[in-house]
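*Asks:* Checked TrEMBL, it gives:
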ACT_SITE  B:Lys207  active site, proton donor
BINDING   B:Leu12, B:Gly13, B:Cys14, B:Gly15, B:Val16, B:Val17, B:Gly18, B:Ser19  NADP(+) binding site
BINDING   B:Lys107  NADPH binding site
BINDING   B:Glu192  L-homoserine binding site
DOMAIN    B:353-426  domain 'ACT'
Protein chains: 2
Amino acid sequence: MMRTRPLKVALLGCGVVGSEVARIMTTHADDLAARIGAPVELAGVAVRRPSRVREGIDPALVTTDATALVKRGDIDVVVEVIGGIEPARTLITSAFEHGASVVSANKALLAQDGAALHAAAGEHGRDLYYEAAVAGAIPLIRPLRESLAGDKINRVMGIVNGTTNFILDKMDSTGAGYQEALDEATALGYAEADPTADVEGFDAAAKAAILAGIAFHTRVRLDDVYREGMTEVTAADFASAKEMGCTIKLLAICERAADGGSVTARVHPAMIPLSHPLASVRGAYNAVFVESDAAGQLMFYGPGAGGAPTASAVLGDLVAVCRNRLSGATGPGESAYAALPVSPMGEVVTRYHISLDVADKPGVLAQVATVFAEHGVSIDTVRQQGKDGEASLVVVTHRASDASLTGTVEALRKLDTVRGVASIMRVEGE
Amino acid sequence: MMRTRPLKVALLGCGVVGSEVARIMTTHADDLAARIGAPVELAGVAVRRPSRVREGIDPALVTTDATALVKRGDIDVVVEVIGGIEPARTLITSAFEHGASVVSANKALLAQDGAALHAAAGEHGRDLYYEAAVAGAIPLIRPLRESLAGDKINRVMGIVNGTTNFILDKMDSTGAGYQEALDEATALGYAEADPTADVEGFDAAAKAAILAGIAFHTRVRLDDVYREGMTEVTAADFASAKEMGCTIKLLAICERAADGGSVTARVHPAMIPLSHPLASVRGAYNAVFVESDAAGQLMFYGPGAGGAPTASAVLGDLVAVCRNRLSGATGPGESAYAALPVSPMGEVVTRYHISLDVADKPGVLAQVATVFAEHGVSIDTVRQQGKDGEASLVVVTHRASDASLTGTVEALRKLDTVRGVASIMRVEGE
């Protein structure tokens, strides 16, 4: 029952991901046709630099006028792999207006304007799919919004940035410092020349906003996500982590509050026990740990970036969207009915590992312990090391709110006997 | 845009899984309605023993006449969690004939009669979903048939039976023998009184048939799956595995041949390196490792059984099927267009770990090595241990076909100097 009129696909962007999408559409044309129920045809490829040779793509399809391409009116699906906010936002909106469904890999845009884009898709009865926007090839958006649609998700915690995981893994396995590990990541092509978006957690924060929105059926804006980068993680932090049987990962954590009445989303480095499944995620791999009422603990693991893996996710969406076109249906749109409030970071409750440089004299521990007690932060363990009048004090707390911990640290800094707060790190996954 | 007429669900079976499905349908009714776009109503529950009290289920809904329930004509979705071939097969077929879509958790039936059931669903324009049939709560069927629909899957290798993983993990971590570990699994409720279906690999083989069919777009029957149980794995095998930096898992392995022209599916115990993600899957957890052309290596991890986890998968399917009903569409049906031949076990190529009891005298190794060479099986490493005229010889081979290895072992058994073949185990995941 194969339909013979092909579905027409416009490809916006032909870089690392786009060229792989085009390549697979050509080499696997028969498979795609069989799986969709109709052939798919690359109807146009919008690029910025038309002079660059693009192997395997008919030059007649290449255009610099993306606007005209999405307005052609005969396009069934627009695949947007340009990235960034504009012109991607305008092009996607225009695609819906002109009758196309959209497959996008654009995490920044989805995190910032997902609600408006979903609304535009819904208004025109079209699909907006974006599996490739989070964790590359790992099937994650579809499992969250479809497989777990009958369950209640309580936590999504993941390594969603390959660059930072490569750097942290390198620091962990070799004892290297941050800069040395970053240099190696850059040399190997895992980090960009300007690594800010990765190492400062902006990329992971965009993904956290998308994941939290889907997991909790609540609109979570990028501004709602607390963000802390990993540029200040040191070799000493890894040594401390090892003493606790932990390693350090940059985590995106989306949580439903214990009372169910609010949610939080955050990105920061954290210690996690070596026994946690996320601890053994190596190199540039990504993995996302999901906890739900009925399913319990699930984990999804795979390559989080790269041309071919991202193209795999894009093409999976393309098949689904094309099947929907043929049947006249649409897939799940935005689900924000729960509309839970997003709480600020101060209300997040977790454990903390704090290293203090203190004077090596009697009574210091008592002073420090008093400050913790006054702020309602209960201490789990303390370890003292001292010599020559200098000492360090490592405190691991029980669960406490971020606000309480912040208050504690401010008060500690005011103690004469505390020379400095060497590091504060959250402890997750226990 | 909520439709007010509820979708009617008939539940066949109200045991461990069914009662969880009914409970969640009640407690999460508002969430399910919001996610589907219409309320869902439990319209009837077919059971064998109506006298048993079922908390939270209106006794008026309970019936022993499953046949009449599926024929009522007003049922939108039949959820089948009875298990086994009959009466499940007849009831599901009847459900399609009477206009219902079906969500099933029945691996045995899907493995044996999946093609016929898909055909019946297609004939009546209805859905057949069965995420819960493989690896419990882990989203796996949907990722394979939808997320990876634009990719080419080359291998699916997984731990898909929690009982046997619990037993093997126990043997690995405590040094216990098979019987001792099985007894503990039985005492803790992980193994049934008659554990045959689990320990002899029948359960895993059914799942392998389903996974291979979906992964390779090819019909794979239960009889096509090579099956070997794990009752003969010994503490000595684990000791040998440790010496190689491996552990032992019961694996379901579905592979596309290197030339792409055929596929294989098999279930057997195998050594895998401790560094492989599947090696660290503990207790009764399941995990499935997927390798594809574009996505690379993916892994899906979670609880493979249990009432609530299985219900999570059933309800995810229920939401999808209900959404399809409302939009008048159907989800992906059987995809068997590739119709690749399924090769017999003899053509499977892998590595082997073979322990021989041999006479401790000069020339034995030369004799043994000659037999391997004559059968075209290349040796990677040999380890000899001997005392008092008895010796053991551990041979690890390079990759060779199962047929070559079988021929080798037959010839080895005929050597006077070989007193016995203590164990043969495949080595996977390298």
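Cβ coordinates come from backbone N, Cα and C, glycine included.
In TrEMBL, annotation is done automatically, which means it is predicted and not curated.
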*Asks:* Roughly how many angstrom lie between the C-alpha atoms of the residue listed as 'active site, proton donor' and the residue listed as 'L-homoserine binding site'?
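*Replies:* Counting only the Cα atoms, the answer is 18 Å.
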*Asks:* Have a look at the recorded positions (B:Lys107, B:Lys207) and report the one with the fewest Cβ neighbours inside 10 Å.
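*Replies:* Checked B:Lys107, B:Lys207; of these recorded positions, fewest Cβ neighbours within 10 Å: B:Lys107.
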*Asks:* Could you work out which of the binding-site residues (B:Gly13, B:Gly15, B:Gly18) has its C-beta surrounded by the smallest number of other C-beta atoms within 10 A?
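*Replies:* Checked B:Gly13, B:Gly15, B:Gly18; of these binding-site residues, fewest Cβ neighbours within 10 Å: B:Gly15.
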*Asks:* To the nearest whole angstrom, what is the C-alpha distance linking B:Gly15 (NADP(+) binding site) and the residue listed as 'NADPH binding site'?
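*Replies:* Cα to Cα, B:Gly15 (NADP(+) binding site) and the residue listed as 'NADPH binding site' are separated by 16 Å.
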*Asks:* Other residues near the NADP(+) site, CB within 8 A of the CB centroid of B:Leu12, B:Gly13, B:Cys14, B:Gly15, B:Val16, B:Val17, B:Gly18, B:Ser19?
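*Replies:* These residues sit around the NADP(+) site: B:Leu11, B:Glu20, B:Val21, B:Ala22, B:Val47, B:Val81, B:Ile82.
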*Asks:* Whole-number answer please: how many Å between the C-alpha atoms of B:Glu192 (L-homoserine binding site) and B:Lys107 (NADPH binding site)?
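*Replies:* Cα-Cα, rounded: 17 Å.
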*Asks:* Over all shown protein chains, what is the count of other CB atoms within 10 A of the CB belonging to B:Ser19 (NADP(+) binding site)?
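*Replies:* Around the Cβ of B:Ser19 (NADP(+) binding site), 22 other Cβ atoms lie within 10 Å.
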*Asks:* Can you name the residues of this chain that are 6 or more positions from B:Cys14 (NADP(+) binding site) yet have a C-beta less than 8 Å from its C-beta?
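*Replies:* Listed in sequence order: B:Ala22, B:Val45, B:Ala46, B:Val47, B:Arg54, B:Ile57, B:Val62.
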*Asks:* Within 10 Å of its Cβ, which one of these binding-site residues (B:Leu12, B:Val16) has the largest number of other Cβ atoms?
*Replies:* B:Leu12
*Asks:* Can you count the other CB atoms that lie within 10 A of the CB of B:Val17 (NADP(+) binding site)?
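*Replies:* Taking every protein chain into account, the count is 26.
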*Asks:* Suppose you look only at the domain 'ACT' (B:353-426); what would the mean pLDDT be?
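*Replies:* For the domain 'ACT' (B:353-426), the model's average pLDDT rounds to 93.
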*Asks:* What does DSSP call B:Leu12 (NADP(+) binding site) in the simple three-state scheme?
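*Replies:* In three-state terms, B:Leu12 (NADP(+) binding site) counts as strand.
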*Asks:* Counting every protein chain present, what is the number of Cβ atoms, excluding its own, within 10 Å of the Cβ of B:Glu192 (L-homoserine binding site)?
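*Replies:* The answer is 13.
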*Asks:* Count up the helix, strand and coil residues in the domain 'ACT' (B:353-426) according to DSSP, in that order.
*Replies:* 24 helix, 35 strand, 15 coil
*Asks:* Just to verify a number: CA distance, B:Ser19 (NADP(+) binding site) to B:Lys107 (NADPH binding site), in angstrom, no decimals.
*Replies:* 19
